[in-house]
Amino acid sequence: MQQVLENLTELPSSTGAEEIDLIFLKGIMENPIVKSLAKAHERLEDSKLEAVSDNNLELVNEILEDITPLINVDENVAELVGILKEPHFQSLLEAHDIVASKCYDSPPSSPEMNNSSINNQLLPVDAIRILGIHKRAGEPLGVTFRVENNDLVIARILHGGMIDRQGLLHVGDIIKEVNGHEVGNNPKELQELLKNISGSVTLKILPSYRDTITPQQVFVKCHFDYNPYNDNLIPCKEAGLKFSKGEILQIVNREDPNWWQASHVKEGGSAGLIPSQFLEEKRKAFVRRDWDNSGPFCGTISSKKKKKMMYLTTRNAEFDRHEIQIYEEVAKMPPFQRKTLVLIGAQGVGRRSLKNRFIVLNPTRFGTTVPFTSRKPREDEKDGQAYKFVSRSEMEADIKAGKYLEHGEYEGNLYGTKIDSILEVVQTGRTCILDVNPQALKVLRTSEFMPYVVFIAAPELETLRAMHKAVVDAGITTKLLTDSDLKKTVDESARIQRAYNHYFDLIIINDNLDKAFEKLQTAIEKLRMEPQWVPISWVY
């Protein structure tokens, strides 16, 4: 308005304008009310703000790479690095870049829009959605695709990934265009395209309108090693999650019967794909065919032989060897003292020595059971000290009633550990230490006994031979073992570890009794100070 007023004043008479009209117009424009209206209009006028840049986070990370080596040279640089690495500052930049890269205006209609397959589906106008996302080159979106009715459909969204955090896409959404170009129907090509794009990405989608399901808090302990890059069945190797035996994972999605989504509890980070219980059991249970080529067709046509085996209690260990363990559901518990400490190992690896040392050093905290026997007591033996003496008929009746954890016969007499004797020690507030046969773990691994299972592994044959020679020379034992006996111990130790590894909370190689005792003592103390992951059945 000020510019118009100045022009009116300087307007030459040659324009033909009447002077009275100019005076009238000038009077209106100088009126205070009109000036106020003009100022209000300027204030309310919508002026579009343009972002200077939509990749500030990427620029800041590049700056950090350049100046981080100088933090020890200049205090100001160190302070700046600290500010730029602040989580709040990084989140602010990320939020700015996301907002700056979004398209708030109506997007221009693409050339394909008029004749595309979208129109052929006779969908309502409001079914088509245009979304804008911002990403860096090489940054995974955390999403996989599948072909459905010749369309590319979102098969799964990885928990914790970029798409999951933004919440803009959902499972079942159909991807029609990326940056104005139709995507076709090849999932791998789309994955590569999205992986290499940087900056602003505009997606045209047909929403699925499915209800989102809140993920359950499910945690599992893994009983096998897994590397997605060695898996030929996984739909996208880059989306897989690598883990090792014994790690704890959080399962965040189990909708797919073959592929679950999980994340590391200890390391955190985005979720990845892991084989489901069903899929991995099928893989582990698969056995190559045994063919019988003894028929009359000289091997040109053959029939499959099926191995039949009836379950026998005497062959319990053989069936344990073929038991398939994949995942075990667990729960996190605050620190607590376990009811039992179970030492598993081959004969002669030092379990009894470790047990006796714990009880002698701390009898108020640790105890053990007194075994039962059907043999007659000797003259110097008292009932309840080394053994509890009962009649054979009574012991056989209790064994039949399932009152014994384990039992055996030696030189015509029965020996065994009664379940009630374990509970008697626990009821005194002490941890009951047991050195039992590994088959007993099936009974012990319950909330009633809450065991901490430690496998005492045999060392290498040379080390075991040297240890045995040392105890014989010191006069600790008079029993001489041959190389065959020692090798049998090593082989038995390896067999037990293969068959029962999934039960073990800790493995200690006993190549030095003092060091093995220290390791075991440290592990038991940790149980009283640190949270523990235990089977879910112990909690619920």
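Numbers here mean position along the shown chain, with the first residue as 1.
Using N, Cα and C of the backbone, Cβ positions are placed for all residues, glycine too.
Noted from Swiss-Prot: of TYR229, TYR327, TYR500, the annotation phosphotyrosine belongs to TYR500. Per-residue pLDDT, averaged over the domain 'L27 2' (49-107), rounds to 81. Its Cβ taken as reference, TYR500 (phosphotyrosine) is surrounded by 21 other Cβ atoms within 10 Å in the chains shown.
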